[in-house]
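Residues annotated as topological domain 'Extracellular' in Swiss-Prot, with similarity to another entry given as evidence: 1-38, 99-107, 175-193, 371-378. Annotation source Swiss-Prot lists region 'Disordered' at 1-20, 235-277. The annotation compositional bias 'Polar residues' is assigned in Swiss-Prot to 7-16. Here Swiss-Prot flags 10, 11, 24 as N-linked glycosylation site, drawing on sequence analysis. The transmembrane segment annotation in Swiss-Prot covers 39-59, 74-98, 108-132, 153-174, 194-216, 347-370, 379-403 and rests on similarity to another entry. Annotation source Swiss-Prot lists topological domain 'Cytoplasmic' at 60-73, 133-152, 217-346, 404-423, citing similarity to another entry. According to Swiss-Prot, the disulfide bond annotation covers 109-187, on the basis of sequence analysis. If you look up Swiss-Prot, you'll see 116, 120 marked as serotonin binding site.
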């Protein structure tokens, strides 16, 4: 968003322009040819990469059927929004930055500011919509499967654009100060104090708080599931070490009841270790081995499977079995830890990139209108902060799509033109 105009990072009569050029009384700087060339190359590269990256995401979702689901519809809509930023907003912003003054007239300036605020706000709110969708998916997976419909995605997308529209239109309807249009060489957003609070909180601070809460809860829910899986595996390992194994299914029933069986105390514990028998063995409370004896009807008599004697019993070999269980439990613990680290890393990248790109801009956008006479913002720093926010439109497709293996496969198909051959 165009909160700081080039050359107007401060309001002093002798301000430093970009790359050390000297400003005049209005803060507009004459720039050198080398500055214009370097700035044009840097900003041109940024715009080209942003257009290419977001266009590839849109093409991948449109061409690859496996990517056509509600979660990816939101990512696709984010890519369309960032593509609009890259095509409709960034070229005019780059021209303004390179020339260091506005040359396209007041009407175009109003349109530029409105598009800037609309598209950038919608892009930020799309990140909230994606966070909300992920939160519902992980905290209510069973019910949300039926609720996660294209219609719901369309409602979320429409809401992002509606809020963006409500934030971008007021300055065009007069919510601005007279000084906002006093300089024909400058094009800046309204510095009205009421609008400043309304726009910065609506476009950034409230969405930021919402994303922090949602991703915090997503992390807690994911960590709970991961640790629950580990505990379940550890319980299974403990059961195996304590000597519990499932009894074999009986072939016949006793007295008409399938699976007739009875428990008898056996001599396993007295022999100094578990004994292998023809029944399932478990430990009693007193440490004695209890052996399940399958009872079968043979003719008219009931026969019990013979209990093995202490001397003739075949000793089991639980050591290797227990070691295997311990290895499996340890492997699951390591996998769970790796998954937890990956969750932290992913959420850290998402929130870290968003905050890094937009927080400096919105701090300046909120503070500067309230201290115009006393605040000093170097012009170069103002330009860097401004374009750091714009660069979020370049980084979004990298974070939300290029790290996804399904998207990577679709991109490879696009590069190899496999979609063209299929048609």
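Keep in mind that glycine also has a Cβ here, set from the backbone N, Cα and C atoms.
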Using a threshold of three or more Cβ pairs below 8 Å, and leaving out pairs closer than 6 in sequence, do the transmembrane segment (39-59) and the transmembrane segment (108-132) count as in contact?
no
Using C-alpha atoms only, work out the spacing between residue 116 (serotonin binding site) and residue 187 (disulfide bond) and round it to an integer in Å.
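Cα-Cα, rounded: 12 Å.
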Using Cα coordinates, what distance in whole Å links residue 120 (serotonin binding site) and residue 109 (disulfide bond)?
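Rounded to the nearest whole number, the Cα-Cα distance is 16 Å.
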Give the one range among 74-98, 153-174, 194-216 whose Cβ atoms make the most pairs under 8 Å with those of the transmembrane segment (379-403).
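Top-ranked stretch among 74-98, 153-174, 194-216: 74-98.
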Would you count the other C-beta atoms found within 10 angstroms of the C-beta of residue 120 (serotonin binding site) for me?
28
Using DSSP, break the topological domain 'Extracellular' (371-378) down into helix, strand and coil residues and give each count.
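Once the DSSP states are binned, the topological domain 'Extracellular' (371-378) shows 0 helix, 0 strand, 8 coil.
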Given a 10 Å Cβ-Cβ cut-off, pick out the one of the disulfide-bonded residues 109, 187 that has the most other Cβ atoms nearby.
187
What count of other C-beta atoms do you get within 10 angstroms of the C-beta of residue 116 (serotonin binding site), across all chains shown?
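The Cβ of residue 116 (serotonin binding site) has 23 Cβ neighbours within 10 Å.
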